[in-house]
There are 2 protein chains.
Amino acid sequence: MTTSQIAVTRTSGVTTPAGFRAAGVAAGIKASGAPDLTLVVNDGPQDAAAAVFTTNKVKAAPVLWSQQAVSDNRLRAVVLNSGGANACTGPEGFQDTHKTAEKVAEVLRISAVDVAVCSTGLIGERLPMDAVLSGVDKAAQVLADTEKAGLDAATAVLTTDTHPKQSALTHPTGFAIGGFVKGAGMLAPNMATMLSVITTDAVITPQQLDEILKATTKVTYDRLDVDGCTSTNDTVLVLASGASGVQPSKEDFAEALHAVCHDLVRQLQGDAEGVTKEISVTVQGAASEDDAVAVARTVARDSLVKTAFFGSDPNWGRIMMALGNAPAQIEADKIDVTLNGVLVCQAGGRAADREGADLSGRDIEVLIDLHLGEAAATVLTTDLSHDYVEENSAYSS
Amino acid sequence: MTTSQIAVTRTSGVTTPAGFRAAGVAAGIKASGAPDLTLVVNDGPQDAAAAVFTTNKVKAAPVLWSQQAVSDNRLRAVVLNSGGANACTGPEGFQDTHKTAEKVAEVLRISAVDVAVCSTGLIGERLPMDAVLSGVDKAAQVLADTEKAGLDAATAVLTTDTHPKQSALTHPTGFAIGGFVKGAGMLAPNMATMLSVITTDAVITPQQLDEILKATTKVTYDRLDVDGCTSTNDTVLVLASGASGVQPSKEDFAEALHAVCHDLVRQLQGDAEGVTKEISVTVQGAASEDDAVAVARTVARDSLVKTAFFGSDPNWGRIMMALGNAPAQIEADKIDVTLNGVLVCQAGGRAADREGADLSGRDIEVLIDLHLGEAAATVLTTDLSHDYVEENSAYSS
């Protein structure tokens, strides 16, 4: 995951591009009374949309609905709720999603098939539909294109997240991209278990939007792996209004989208459940990019590597153990491992004294050189801490 | 993993079968002064042997040595040390293993190629060879065929294990099998990260021994998954002396070996790092046994499932999330999930109130019915607890 050169701001999100209104309200879905329903509306003139969904074979009702809704590459609105995933809820759960989309369509005077639905929270429970439907009314009444409305939208989707996560930029050529993301647990590849809505006022065809989104998520959201758990609800949506009148080059748009997605993913990493270390695992010298990703992901996901890092322990032997399990071409006696700039393992054996690598800070950079080829990749992860265990042993009950 | 009908005892191990002597001594490899070197000797008359090693592509020096030593299906002795894995130690590490085997050969007046070597402990550090070699002398002097010698042998291999783990049986037809195992972390499939030595006085050909051992490990050691981490050193060895003069049927021997291995694996599960719950995940109704194992393993390995169980939380939605990520054929709306006898998920949706499933005890039984076929499999695991994080964040430093 390379760092983009374009500057982003985290003070605004989906309402930065022209043509969008948003809202986030407390609908009463969460027992706590916290905000729990978000609405994002594309007022046009265009309505191109693209999406990427979870690879989990158990898909929540809103994922099944939204896959259909976006199949024509057009969306006018997205409604999202926290307080319940609406997953493993059977035909009734799907009807609840359908009703929610119908309600949004009714209040906005659009078609239900142009409304995507996202849900997050506990799996296996029906949503309180009275609260959801009245929440849609409430949200529609306060839709606005202001920074505050964007922040409200980013806030009402949160579950165990500790703060809203937004990112936006205005490109020198005159178009803007903004977005928000939620996610703190079940963070794994092929949609880093989360919900993300991105807006843009660029003029772009649905086909280009789809192509660029898929290429971008592959190297941003898909390269975060907090706990190896891919959720039933992961969704990334991008909506284009065309309201800027600017038609960017493919390269400019791809670079800008990458900058926003990369920044959102870094915020997901920093707000992951129980995180005390932000770890990047870079593999270079791989025979292929797939191999580089496989090795980096296997190391990033290994419980013994992650607990060692929680303890600030430069235990490179566990990294060697982990990468030996990766489904990739490796030769143990060629491998170098560098921890925060200190070469601790050279040609598969001990190099500098491991204690020379200082891992006491929040950031840990792991560099693995396989010395087999030219391909490289980076996967982001976090440590496995007491707080991770604590948060996840007490979530549903 | 089916439970065997043959009764085993845990009060003795490798010295139960006739023809074997063993010893366990404090050689000074561990700084603590605890026992750290084990010797097991087959006095014959036969010397058939078989082995299964780690699938990790990063293999420790003793694994590389022992693979060669056992390639002719004959072994006369095994030397094992704790206090250092001798992994990622380069050509010098391999020479250390070679020297250790030569030393054993010298004191026992046998050939070094009939000596297997096993090591466990920290990866990436050379062994203190003076201590290892003098330890071999010390162990050879106290070799005995007593129960105490067997227990000493089972004790000197321990690392973070809290107690020695042995199992033995005498078959009604007159042959015996005994063994020990060590392992507490890095416990995962395809050799459940551990060292295990098994002895028998049955008369058996090397080819039969090899065939039965491989079939047995596949459904015992390989079906324990504590943390998904397969180590660099995993080894299971079985040595046959023929001293009973009894040549069992293939079925009798296979059943007896299964009984001992199954019991050793249950002890590994019960002594895993930080364990507060002993969990069995059974998948039935799968299209194939491979699918059943894949689904059971994916659930057994999932951090969110394991933390929920640590919290005694019957959060079946996480089980559905996890199994949706398994590389296997599933249909979400056909799946039933039963927790400790309570059907909490039926046809992919909520059944009984989850709170009706009492997970407050130490044993948790997960039963998943895919309703797609006839195949079934069980994988054993443990919870993900604070103690697991604590032990593994402070192990090397």
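From the backbone N, Cα and C atoms, a Cβ is placed for every residue, glycine too.
For reference, TrEMBL has these:
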type	residues	note
ACT_SITE	A:Thr193	active site, nucleophile
BINDING	A:Thr159, A:Lys182, A:Thr193, A:Glu273, A:Asn392, A:Ser397	substrate binding site
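Annotation: A:Asn392 carries the greatest number of neighbouring Cβ atoms among the binding-site residues A:Thr159, A:Asn392 [cut-off 10 Å, Cβ to Cβ].
Reduced to three states, the DSSP call for A:Asn392 (substrate binding site) is helix. There are 26 other Cβ atoms within 10 Å of the Cβ belonging to A:Glu273 (substrate binding site).
Checking the binding-site residues A:Thr159, A:Lys182, A:Glu273 against chain B with a Cβ-Cβ cut-off of under 8 Å leaves no residue at all. Classification of A:Glu273 (substrate binding site) by DSSP places it in coil, neither helical nor stranded.
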